[in-house]
Amino acid sequence: MPTPITDPATALHQTQLLALAQHYQGPFWAYDAQIIRQQIAKLRQFDVIRFAQKSCSNTHILRLMREEGVKVDSVSVGELTRALQAGYQPQGNDIVFTADLLDREGLARVVELNVTVNTGSIDMLKQLAALSPGHRVWLRINPGFGHGHSQKTNTGGENSKHGIWYQQLPDALAVIHQAGLQLEGLHMHIGSGVDYQHLQQVCDAMVEQVLTSGCDLQAISAGGGLSTPYTFEEQEIDPAHYFSLWDQARQRIAAHLGHRVTLEIEPGRFLVAQSGVLVSEVRGTKWMGNRHFTLVDAGFSDLMRPAMYGSYHHISLMPADGSDASGRPPQQTLVAGPLCESGDVFTQLAGGEVEPRDLPQSQVGDYLVFHDTGAYGASMSSNYNSRPLIPEVLLDQGRAIEIRRRQTVDELLALEHAQPLNC
């Protein structure tokens, strides 16, 4: 749940954030490395923790993960390159490449590096086998149902593109056998958010797939989707209970196969969401009829989740003079950004309906801090409205380290050149 910026126990406290805000004179991301380490420790019962780097793909965050013994999942050639840059090795099980299709560049690269591939379609298996007989593969299975805090984060069922439909597992195994591919394990991930009843269904579905398919394997993956409490009312997930459900499934599978089975988990937001904040400056306040707006210098080009999913992020006021915001009178306000786009509002619901938030009154020059933005914050940023990407800062052991500088407009324009094509 959101940690107050007045809490001295976190590196994301007001004194540190205010110093960074005054340094950058613009929006920035900040991460507390110790929170990431604490989240990793909660999952140590699993044999393998594999970070879903799409949630936060900065190479310095990946290095931190590697130093803590965490493996990595990559979903594109770009993410694969990031993993290698962070020191992960393509051999063994350091990296798994997960996808529902292999584009030409991706296929060539995973074959060149001999990276294990988590396949989401039978066509992937055939394409991989044609170039790399004996390649190590996982099968990502869609069990026929899913779960998520948003339909856009539900990765199971008929409306999801992800995975091989559970009834087609025999066909996938036939391709593996015919092509001499090496099956490492089965992977199931039904979406983001945790409902233990749904989780039990997934565990049972995993066991059923192994028992009825006749396949042998070395590992199973619980996927990701462990929930993060973005509000004060939401409950923390119980990692021990989460593990126990999957461990029971693993033991049933191991008993059936007659040998040990490795249990992996693939968290993203669980490891990094609570470690990060987005800091923005108040650049204007105004009334639109009966609606009050607070306008900040960060937009959905920086933090996409509220506009895309209607996601909630707690917001704290950080007065420019360092005073305690609790002394300010309350103000019901809509918080919006600078983009030339009506949807650039941080306080909105899933359907796009805006919803005022009770915040202490702010004035130009104050700062708003968006909490729990370590996951799917910077990694989902864009250059919409030709806005450069903003800096990222890692706070670790009393040090503030810039791990991504602010992008420049010149760097955006450098990609745009006219070159005749002979085709």
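Even glycines carry a Cβ here, placed using N, Cα and C.
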Further pyridoxal 5'-phosphate ligand in TrEMBL, beside Glu266, Pro267, Gly268, Arg269, Tyr376, within candidate set Gly214, Gly225, Gly310, Gly327: Gly225
Top Cα neighbour of Tyr309 (substrate binding site) in the set of recorded positions Lys54, Gly225, Gly268, Tyr376: Tyr376
Spatially closest candidate among Lys54, Arg305, Cys340, Glu341, the listed recorded positions, to Glu266 (pyridoxal 5'-phosphate binding site) (Cα to Cα): Lys54
When distances run from the Cα of Arg269 (pyridoxal 5'-phosphate binding site) to each of the recorded positions Arg305, Cys340, Glu341, the nearest one: Arg305
Site diameter for pyridoxal 5'-phosphate, Å, by largest Cα distance between Gly225, Glu266, Pro267, Gly268, Arg269, Tyr376: 15
Neighbourhood of Cys340 (active site, proton donor), C-beta criterion under 8 angstroms, separation at least six: Asn385
